[in-house]
Amino acid sequence: MSDWKSMSKDELELQYSPSRWSPRMSADDVIRAHVSALKSGTERARSVTQTLMDVPYGEAEGEKLDVYLPSSSSPDVPLVIYFHGGYWQFLSKDESGFLAVPLVQKGAVVVAVGYSIAPKGDMDLMVSQVRRSVVSVIQQYSHISGLYLCGHSAGAHLAAMVLSTDWTQYDVSPKIKGAFLVSGIYDLQPILSTYVNEPLKMTEEVALRNSPSRFLSQLKVSSASCDITVAVAQNDSPEFRKQSEEYYKALESAGLKVSFEDVSETDHFSIIEQLVDENYLLTKLLLKMIGKS
């Protein structure tokens, strides 16, 4: 496949427009259906689990978490932090509890993280926020059996940036046991000239310092024992698939514990929507990762 640098702006825009690659429905319809699926899944999770809503992890208005709790607490409770997608400019924690039910039913705590999406927040701020959210969670839940991250699309990018954090600056060491990176972007340079960057206003310098693909040595120091799954949809665009494949290969070459899942019969949206289903491949893999299969 040709290098993104040789693509026209139109081709890059197409490659980085996930909704235009779904075989299920039109671009507008797939986004509408996605939002609807996330909202209804989150409403269900809120109705069947115990919740703590809008827990602050910082001073800013957008710095809040939603926590989904199992009905009985046992000593070995894994905690899964979810970072939502939406190209850093859409969606929020308020539709991000949909994956909680199968996890909470097995005794896990699920935390959905809010962050200041563009144009309110910029990329540096969002990366700082998700890092601080993890610090706050470990301080609040020191008794957990393990901390795990899950992120979709832009959220997978943010999760990968968390894995690449120099924690000495935060006086903590989270010891993240596992990370589930679903249909993410790990090199931000290709989107600089696309519509995606219009509200983000990233310069090349900002894109480079927030590209996980450039921080493998830090990830190796911070997250050496982390079990990482890189997942991609069969009907993700070739560029999205390439982002996941190349990041997976780089992690593997760096000697990290990483596996690759190419999920058949999914697109960029259904690959994450189906986490509501305990029998879905990725749900089973996530439950296995957190020791609750």
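Backbone N, Cα and C atoms are what each Cβ position is placed from, and that goes for glycine too.
Model confidence over the motif 'HGGXW' (84-88) is summarised by a mean pLDDT of 98. What Swiss-Prot lists as motif 'HGGXW' is 84-88.
According to DSSP, S153 (active site, nucleophile) is assigned to coil rather than to any helix or strand. Here S153 (active site, nucleophile) comes close to P18, G85, G86, Y87, V182, S183, G184, I185, H268, I272: these same-chain residues lie at least six apart in sequence, with C-beta atoms under 8 angstroms from its C-beta. Swiss-Prot lists S153 with the feature active site, nucleophile, giving sequence analysis as the kind of evidence.
Positions annotated as active site by Swiss-Prot: D236 (among others). In the three-state DSSP scheme, D236 (active site) is classed as coil. A simple way to gauge crowding: the CB of D236 (active site) has 27 other CB atoms within 10 angstroms, across all the protein chains here.
According to Swiss-Prot, the feature active site maps to H268 (among others).
Residues in the motif 'HGGXW' (84-88) partition by DSSP class (helix H, G, I; strand E, B; coil) as 0 helix, 0 strand, 5 coil. A 10 Å cutoff on Cβ-Cβ distances gives H268 (active site) a total of 25 other Cβ atoms nearby, all chains included.
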